[in-house]
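The structure appears right after this line, and notes come after that.
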């Protein structure tokens with residue numbers, strides 16, 4: 001969905017508003033044996049390695065209309081990965097198009113960085129970190145990815161929301177969006193938000209709204225928007241790793257379903273739950 005600016009809003013100078021989208025997604029599965037758990041962690045570690053995450057955040061930068069200044073990526077031992085991308089609203093490449101802006105010969109030149117780069121160094125960035133996790137009791141394994149998209153200027157991270165949902169297809173999503181700082185109009189009046197929003201749900205495509213149950217917590221006067229999403233439908237086959245549903249007894253299916261639903265409820269509501 002398009003991010004609609006406020007009508008007749010003419011700004012003076014640079015747009016100093018900082019807009020941040022925090023997108024936390026969870027994937028949950030049941031891995032019966034230690035071998036299955038290890039295989040799940042290895043699968044996640046390969047599926048969402050630093051290279052794959054880099055391609056995702058690169059597409060996020062393209063969607064929001066940002067230019068990439070620098071990328072740092074890392075795979076961790078025994079598992080997990082992270083990518084940090086520095087972005088800017090305007091193109092900040094070298095005057096000579098044949099020069100590589102990421103070449104140390106170019107970036108390490110003496111003298112001050114361009115003003116636009118300095119303005120963006122600690123404001124406009126995309127980061128992603130992954131957290132595979134399992135516990136020997138109960139057979140539940142989880143995977144969490146945290147993506148933060150922070151922009152300074154006119155570009156909005158909300159444009160990338162649906163792409164992130166599509167890329168990870170998570171069981172649970174916890175999304176936070178906030179706007180900080182202020183800019184001024186041509187008359188000097190402060191502007192604390194420059195686009196229309198009353199819920200993150202405004203920017204979620206209908207096809208995803210139909211798939212997820214969603215709840216909101218909004219503190220509009222503080223420009224804080226919080227939305228939680230959990231899949232409506234539950235198919236046990238989608239949560240089994242290394243085991244087929246047909247291999248389980250009716251009693252085992254019931255117990256595993258209860259464990260998975262309890263795990264998902266605890267993650268969704270952010271607290272430990274009684275037996276379900």
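For all residues, glycine too, the Cβ spot is worked out from N, Cα and C.
According to DSSP, residue 124 (pyruvic acid (Ser)) sits in a coil region rather than a helix or strand. The pyruvic acid (Ser) annotation in Swiss-Prot covers 124 and is backed by sequence analysis.
The active site, schiff-base intermediate with substrate annotation in Swiss-Prot covers 124 and rests on sequence analysis. Around the Cβ of residue 124 (pyruvic acid (Ser)), a 10 Å sphere holds 26 further Cβ atoms from the protein chains shown.
Neighbour count (other Cβ atoms within 10 Å of the Cβ, all protein chains): 17 for residue 129 (active site, proton acceptor). Look at residue 129 (active site, proton acceptor): DSSP puts it in a strand. If you look up Swiss-Prot, you'll see 129 marked as active site, proton acceptor, on the strength of sequence analysis.
Taken from Swiss-Prot, the feature active site, proton donor covers 152, and the record attributes it to sequence analysis. Secondary structure from DSSP puts residue 152 (active site, proton donor) in a beta strand.
Geometry remark: residue 129 (active site, proton acceptor) versus residue 152 (active site, proton donor), CA distance 21 Å. Recorded residues residue 152 (active site, proton donor) and residue 124 (pyruvic acid (Ser)) have their alpha carbons 6 Å apart, per Cα-Cα distance.
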